[in-house]
Amino acid sequence: MKMDMITNVTEYEAIAKENLPKMVYDFYASGAEDQWTLKENRNAFSRILFRLRILVDLSKIDLTTTVLGFKISMPIMIAPTAKQKMAHPEGELDTARAASAAGTIMTLSSTATSSVEEVASTGPGIHFFNFITQCYIAMAIALTVDSPVLGRREADIKNRFTLPPNMVFKNFERLDLGKLDKTRDSVVTTYVAGLFDRSLNWKDIKWLLTITSLPILLKGVLTVEDTNSIYYANNVARVAIQAGAAEIIVSNQGARQLDYAPATIMALEEIGRPVMFSLAADGEAGVRKVLQMLVDELEVTMALSGCHSLKEI
């Protein structure tokens, strides 16, 4: 398919599947265990219906919003996704350029194949950094909090997934992956699992706030249940805020952690993989087009629903 003929973000997946080695495509496309949550992430959207409104003056529609004081052009941001140079030689650098051109935020994965410094060098843009338990300099820190252990991703196990020989985790470049046991699961799974700290708790959030002035986002809030108490969703957010978090990110890690967890849209978050597939298909131009298509679809839906701004939604 010619790139200028693409009219839907889902069309990039078929192109990516053709372009990528099976091991790489499976890594990006698959979820944990039976992949029920992976399917539910998409199916849940189909159960949400819009109410058409008529005779509303829609000469002006405002899609802009603010996140941690940063004004962005639309309520669509790029979540942290690891190892992007497996999809395209420019990897995270092209994604950062596309996000900057679109006027939105990119969050860089801690297991990226480009370093924080390399992404920052692409030019002006709003870049957050996602940590498992490590801290670097960025405009904000997104701390993964739902991963005391790594989810069981069967496709990676079958493929004995490992990084291509010419790639490294740029933010952990001194690590020798060759020393890891290649006979069990996957090399990368074995390494990443070692980054996870099973003892992580609310006290660690308060400690983190003592060593940085950057805003902290807690990534991975999904349920209304917390330790011995049950809260409504906004109360879960309140617990996080009381611990010092600036914001929370509702997420099930793209269905890659706990299978049979609910779809995150039911807790008010959009998820999906269109950025990785468009990057594999057409680099920076592909990511730019995906973001433009999403914002165009949002604007049309807002107009037909009689909404002038995001607040009215």
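Heads up, the Cβ atoms here are built off N, Cα and C, so glycines get one too.
What TrEMBL records for this protein:
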DOMAIN    1-313  domain 'FMN hydroxy acid dehydrogenase'
BINDING   P80, T81, A82, S109, T144, K219, S251, G272, R273  FMN binding site
BINDING   R153, R256  glyoxylate binding site
Cα distance (Å, whole number) from R256 (glyoxylate binding site) to R273 (FMN binding site):
12
So what pLDDT does the domain 'FMN hydroxy acid dehydrogenase' (1-313) average out to?
82
Find the longest CA to CA distance in the recorded FMN-binding set P80, T81, A82, S109, T144, K219, S251, G272, R273; express it in Å as a whole number.
18
Can you give me the Cα-Cα distance between A82 (FMN binding site) and R153 (glyoxylate binding site) in Å, rounded to a whole number?
15
I'd like the Cβ neighbour count for P80 (FMN binding site), meaning other Cβ atoms within 10 Å of its Cβ, all protein chains included.
22
Which one of the binding-site residues (R153, R256, R273) has its C-beta surrounded by the most other C-beta atoms within 10 angstroms?
R153
Between the Cα atoms of T144 (FMN binding site) and R256 (glyoxylate binding site), what distance do you get, rounded to the nearest Å?
13
Just to be sure I understand the packing, how many Cβ atoms besides its own are within 10 Å of the Cβ of S251 (FMN binding site)?
22
